[in-house]
Amino acid sequence: MSSEPVNVNDFKELARLALPKMYYDFYSGGAEDEHTLRENIQAFYRITIRPRVLVDVSKVDMSTTILGHHISAPILVAPTAAHKLAFHEGELATARAAAAVKTIMVLSYSSTCSIEEVASSCNSVRFFQLYIFKRRDISALLVQRAERCGYKAIILTVDTPRLGRREADIKNKMIAPPVKSLEGLISIDVKSDQGSKLETYANEMLDASLSWEDIGWLRSITTLPILIKGVLTHEDATKAVEAGVDGIIVSNHGARQLDFAPATVSVLEEVVHAVKGKIPVLLDGGVRRGTDVFKALALGAQAVLIGRPVIYGLAAKGEEGVRTVMEMLKNELETSMALSGCPSIKDITRSHVRTHYDNLPSML
Ligand SMILES: Cc1cc2nc3c(=O)[nH]c(=O)nc-3n(C[C@H](O)[C@H](O)[C@H](O)COP(=O)(O)O)c2cc1C
Ligand SMILES: CCCCCCC(=O)C(=O)O
């Protein structure tokens, strides 16, 4: 691309040019036929916005509060693995960019900088994403370290009892990237030369027997708020509330786990209705425009998280690239709010969007 990127999608091509094929495929790819990967984006296209006019939008305030933390806009950095494969400073650059735009970064368990390194990189609110492993002592230690380093919430990923089948990674024989926080605790030395080493390693580590009872175990070892990431149905949303979690992230893991899982925005309302306002609901998957953020908020999300575009920004331009990606989304959200007659986040309501389901009663 010869010109400067003007939107988040432009960063994808810059990342493709900057990265070795194995890494670009790892970041951009999804599971199997990548149906859900396409759907995460297409489902946003099917929602239209119902703008209201003659509202004073001379000032637009995007700021909001998540779990008591004030941030500049309802757009967070999602947990994604191995940022050093994209840029030599890895998660330190991402953390500084998130702090600069005054938002929350969720640090992935699979980070290539340690929990401690990221915590001391800059002063900001951060959450820590966790998997529960067969070696429960390792998960517990990571929680303790995150707590000690001032992370403000644990995001428990629940859609990964084993890794999804990412066929590009299988073909490329994807490496298992080093997890810095595990240094000295357990080795990631995968001997097999068959398929994705990441998949082999992940399946050795992950506790596929995890169930709702284990939320109690996590609760017993931390005082931090616990959010579960990977809920896609009203049944599980209801169980999550009963289990006493502090929030839900509607997510299909960026379409990297179960292909033909629904697009996240298509099930957001189902989850929001089940939760009945008792705990916050956030969403990730396919958010590429400020209008996507607006649509998710109108359907009841408190905030959205951004996965791949952050990595594309990092690969293309390091810390500045991540900052630009986040600022582009914020600027677009501000424009969407102004042009829809919403001067603040609380002014965005269900009546500001029309979905496929809204047309159903008239078709019956
Ligand atoms: C390269 C990559 C690595 C990821 N690593 C993790 C991870 O370590 N933990 C996790 O809970 N989710 C992980 N995810 C899922 C993201 O947190 C998020 O759900 C997803 O990327 C959102 O979709 P989007 O990429 O379309 O924005 C990863 C996603 C990608 C693309
Ligand atoms: C032991 C878990 C490895 C997970 C790999 C990172 C991840 O979640 C991804 O989507 O990639």
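Using N, Cα and C of the backbone, Cβ positions are placed for all residues, glycine too.
No curator has checked TrEMBL annotations; they are predicted automatically.
Per TrEMBL, the glyoxylate site holds Tyr131, His253, Arg256; the candidate it also names there, chosen from Arg165, Arg166, Arg219, is Arg166. Each residue in the domain 'FMN hydroxy acid dehydrogenase' (1-358) has a pLDDT score, and their mean in this model is 97. Among the binding-site residues Gln129, Arg166, His253, Gly286, Arg288, the residues whose Cβ sits under 6 Å from any atom of ligand 1 are Gln129, His253, Gly286. Here Arg256 (glyoxylate binding site) is positioned 12 angstrom away from Arg308 (FMN binding site), judged by their C-alpha atoms. Ligand 2 lies within reach of Tyr131, Arg256 from the binding-site residues Pro79, Gln129, Tyr131, Arg256, judged by a C-beta closer than 6 angstroms to any of its atoms. The binding residues for glyoxylate are recorded as Tyr131, Arg166, His253, Arg256; their greatest pairwise CA distance is 19 Å. DSSP assigns Arg308 (FMN binding site) to a helical segment in the three-state reduction.
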